[in-house]
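*Asks:* I grabbed these lines from TrEMBL:
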- Arg28, Gln29, Ala30, Gly31, Arg32, Asp78, Tyr155, Thr210, His328: substrate binding site (BINDING)
- 23-32: domain 'Uroporphyrinogen decarboxylase (URO-D)' (DOMAIN)
- 143-159: domain 'Uroporphyrinogen decarboxylase (URO-D)' (DOMAIN)
- Asp78: site 'Transition state stabilizer' (SITE)
Amino acid sequence: MSHPLKNDRYLKACLQQPVDRTPIWMMRQAGRYLPEYRQLRAEAGSFMDLCTNPELACEVTLQPLRRYPLDAAILFSDILTIPDAMGLGLYFTPGEGPAFHKPVRTKADVTALPIPDPNQELKYVTDAVATIRRELKGDVPLIGFSGSPWTLATYMVEGGTTKNFSEVKGMMYSDPAVMHQLLDKLADSIILYLNAQVESGAQALMIFDTWGGVLSPRDYQEFSLRYMQKIVDGLKRDHEGHKIPVTLFTKGGGAWLDIMAVTGCDCLGVDWTTDLADARAKVAGKVALQGNMDPSILYAEDDRIRDEVATILASYGKGSGHVFNLGHGIHQTVDPAKAGVFINSVHQLSKQYHS
Ligand code: CP3
């Protein structure tokens, strides 16, 4: 059952088509800052219990949309579902983040990695996509996502979070061929995974390259951007007569927006260390931009939040092609009322930038 989309501002802005106001959603909009999320997670047992149960993943996806007038929903899942499906054994320890029982360290490890079938090992994800799409009833579009190959490789080789990326950069510098083999396998897995999300109902896609910004410019092109390019080339860009916009987000990648803009993606995520006016000049109309408020502004007074929204809207300027967002995920200690102030400010202040 397919519903006509009631609010398509987000899709239009990604494609640089005219809109009546700037659309907004928040990275990590479903999550720990919401008491209803914490309650459901406690009932379910764990974060992964939410992700692997399509009904619960759907409920959590919809929670922020019941509170706020957001212009998009994002699948509730994680970027580490692919390495988990490859058999690395994902687990989360409170306060320390994600980790793997079996990190990838050698050529033999990389060669042994399977390419997961999205309709088998990752069926819980495509089932969640289909369930959420049905329950959204056409209110707003649903964004599907994955991590970038480089970002997934950092977790897989390190075995968890890291401060200085010694294992993954060690592999990259001492045995680049093995690193390329790993990244290529990840790109192939991600293409299958994202296309399966589109088949199941995702109406837009986003690739999170959280750790591309820790690379030198040359290494960024060789080890991160090249594989995002491969993914963009392999994605289904139309489904059921609609375009599927693709957003690439390299955190800390402000210096590389010009080369990211020619990958064939539709939109680039920008963090708060780059001014949106500079970003817009750099991409020269080739792509839309998403961003870019510092999530920590949500700890400030209401007026300060409104001022920041006004500044960011002005820095992008008039016309379509801007999706308002935070420059990274919302922090878990933010007061949900502050997210409301933020979202309402974008609604109120952005109309004047569109005719
Ligand atoms: O944006 C959304 O609302 C959709 C859901 C989403 C999650 N993770 C839910 C989640 C998305 C898009 C992600 C992506 C993700 N996961 C990224 C890329 C974006 C980014 O933040 O840079 C990364 C690097 C991960 C890996 C990961 N998963 C980390 C670092 C953590 C936090 C660990 C911790 O304890 O702080 C997770 C867990 C995670 N993913 C949570 C949520 C809501 C928190 C889980 C919980 O304790 O309830």
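A Cβ is built for glycine as well, from the same backbone N, Cα and C atoms used for every other residue.
Set these features in their place in the structure for me.
*Replies:* In sequence order, Arg38, Arg41, Gln332 are the residues near Arg32 (substrate binding site), counting only same-chain partners six or more apart with C-beta under 8 A.
Within the same chain, residues 9-10, 12-13, 38, 41, 60-61, 63-64, 68, 70-74, 76, 143, 323-326, 328-330, 332, 339, 342-343, 346-347 sit at least 6 positions outside the domain 'Uroporphyrinogen decarboxylase (URO-D)' (23-32) and bring their C-beta atoms closer than 8 Å to a C-beta of that stretch.
For the domain 'Uroporphyrinogen decarboxylase (URO-D)' (143-159), the mean pLDDT of the prediction comes to 98.
Mapped onto three states, the DSSP output places Asp78 (site 'Transition state stabilizer') in coil.
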*Asks:* In terms of Cβ proximity under 8 Å, which residues at least six beyond the ends of the domain 'Uroporphyrinogen decarboxylase (URO-D)' (143-159) contact it?
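*Replies:* Residues 10, 25, 72-75, 77, 79-80, 82-83, 86, 88, 98-100, 103-105, 129, 165, 167-168, 171, 179, 182-184, 186-187, 190, 193-194, 197-198, 202-212, 215, 223-224, 227-228, 231, 248, 250 contact the domain 'Uroporphyrinogen decarboxylase (URO-D)' (143-159) from elsewhere in the chain.
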*Asks:* Mind checking which of Arg28, Ala30, Asp78, Tyr155 has the fewest other CB atoms within 10 A of its CB? They're the recorded positions.
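*Replies:* Fewest other Cβ atoms within 10 Å, among the recorded positions Arg28, Ala30, Asp78, Tyr155, is found for Arg28.
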*Asks:* In the domain 'Uroporphyrinogen decarboxylase (URO-D)' (23-32), how many residues does DSSP call helix, how many strand, and how many coil?
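*Replies:* Computed counts for the domain 'Uroporphyrinogen decarboxylase (URO-D)' (23-32) are 0 helix, 1 strand, 9 coil.
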*Asks:* Out of Arg28, Ala30, Arg32, Tyr155, which binding-site residues have CB atoms lying under 6 Å from ligand 1?
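*Replies:* By the Cβ criterion, which requires under 6 Å to ligand 1, the hits are Arg28, Ala30, Arg32.
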*Asks:* Just how spread out is the substrate site if you go by the largest Cα to Cα distance in Å among Arg28, Gln29, Ala30, Gly31, Arg32, Asp78, Tyr155, Thr210, His328?
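*Replies:* Taking every pair among Arg28, Gln29, Ala30, Gly31, Arg32, Asp78, Tyr155, Thr210, His328, the longest Cα gap is 23 Å.
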